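Participant: Reproduced below are the annotations present in Swiss-Prot:
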ACT_SITE  93  active site, nucleophile
ACT_SITE  179  active site
ACT_SITE  181  active site
BINDING   233, 234, 235, 236, 237, 238, 239  ATP binding site
DOMAIN    16-205  domain 'Glutamine amidotransferase type-1'
DOMAIN    206-399  domain 'GMPS ATP-PPase'
MOD_RES   2  N-acetylvaline
């Protein structure tokens, strides 16, 4: 399979900024911030060999933070040869300390730790030029660099870090003890941009137009003269993936919308109307609700449900191929897999499998298509930007994320037709009230979850009730890698709760999930 790494355009996956991951919780965030500076980046594990890194022909390296001390047994080591590749290098936190140690600087246990917001004093240099001399940054370290390597200028300090930043501009090397990638460092994005554009001399080539053009060429190369099928879920990911592929191969793409009976109210009609109107694509709708419900009967385990839905989804495609292609063959299956999907499904060295994604780990072993995943290196905001570049309407590109398995993973317990009707009704009320309150642009998504295996005692009218709770999970995020619960106004929550408990049978309690990600994922299952 031809991967995005084979595209040869400036600062696209052919020549990335590589974020070397030393175990940081923010490695993916660093990659995203680099992309915000319009330079492509990708994360690789610190265990990658020099040969592997050299083969990627990186235009720059960013050494991430990590939880270890450089003196701890088994701590990740920085191969000094990495600094001799002739490419610009920026070290962050642990990466900064490992870089200092490898170049002959001194890293010591100073006895002063800095965790959280810290005052940084800028002492000069180019990395922080034109920025405030005293500024807040986010620190998370116990060890500190006490002496910079020979030939490096100390350009910042803090109470617990005598050398909080250093640079050797002529060698295109720099490092910072703090975390420029987090929002708690107000000038962090400017520092990253200065390294990328001034130290590394990189242009701002990672733009929606360039991304779209590169991905279209990638698809043409991979599919050639073949035919493809794309599964539409109604969401932005599959819609943008389909639009890209159609732009590449035209009417050799057949879009299939599988109505698995796990959709929200009105979604089938919306897909058939909005997507076809925007693209003119060939669309076939498969009514498979009964098949999915039969397969899910008696299954309550989240992973079991995900894998069943993924398996049935592919089977529905195989049936569509036989029925609608009139003897032709379709060798390729287009999916809207994103970078966070791949990461959460254990798609990189050293990553743990959090849950099987419908687009990734839920596919059957006997898959009969070659996968085409043009978006698998993109974050959600980049997908939306590409969609707008392709001319898709806001009704599609601004739609809140909705999981491929649909309401099947928003019912905690067995999925039945009655439970789906209950959840679908509650979900429609929530969406209606959030839209009426003008909150759609403030909320990344708001899963509505039915606790079908839980009964809650209540009083309605003069009688005792024994109904199910509904959970509201409004979250704010930029890319789904991390998320915070959204502070929905109380009066909006009150309207939602009142309407659900009055209008939805079997529900007598509405609760609010106020957990961030991490530790919780956005979806309950």
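Each Cβ is built from the backbone N, Cα and C atoms, and glycine gets one as well.
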Participant: Could you state the whole-number distance in Å separating the C-alpha atoms of the residue listed as 'active site, nucleophile' and residue 179 (active site)?
Facilitator: 7
Participant: Please report the distance from the Cα of residue 239 (ATP binding site) to the Cα of residue 181 (active site), rounded to the nearest angstrom.
Facilitator: 30
Participant: Can you list the residues of the same chain, besides 233, 234, 235, 236, 237, 238, 239, whose Cβ falls within 8 Å of the ATP site's Cβ centroid?
Facilitator: 232, 240, 241, 336, 396, 399, 402
Participant: Between residue 236 (ATP binding site) and residue 181 (active site), how many Å separate their Cα atoms?
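Facilitator: A Cα-Cα distance of 26 Å.
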Participant: For the recorded positions 181, 237, work out the Cβ neighbour count at 10 Å and name the residue with the minimum.
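Facilitator: Relative to the other recorded positions in 181, 237, 237 has the fewest Cβ atoms within 10 Å.
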Participant: Let me know how many other Cβ atoms fall within 10 Å of the Cβ of residue 239 (ATP binding site).
Facilitator: 30
Participant: Excluding near sequence neighbours, so keeping only residues 6 or more apart in the same chain, what lies with its CB under 8 A of residue 233 (ATP binding site)?
Facilitator: 257, 336, 402, 404, 406
Participant: Could you tell me the mean pLDDT the prediction assigns to the domain 'GMPS ATP-PPase' (206-399)?
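Facilitator: When the pLDDT values over the domain 'GMPS ATP-PPase' (206-399) are averaged, the result is 82.
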Participant: Please report the distance from the Cα of residue 234 (ATP binding site) to the Cα of residue 179 (active site), rounded to the nearest angstrom.
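Facilitator: Cα of residue 234 (ATP binding site) to Cα of residue 179 (active site) measures 37 Å after rounding.
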Participant: What is the interatomic distance between the Cα atoms of residue 179 (active site) and residue 238 (ATP binding site), given in whole Å?
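Facilitator: Cα-Cα, rounded: 34 Å.
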Participant: Between 234, 235, which of the binding-site residues has the fewest other CB atoms within 10 angstroms in the structure shown?
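Facilitator: Looking at the binding-site residues 234, 235, the Cβ with the fewest others within 10 Å is that of 235.
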Participant: Provide the three-state secondary structure of residue 234 (ATP binding site) computed with DSSP.
Facilitator: coil
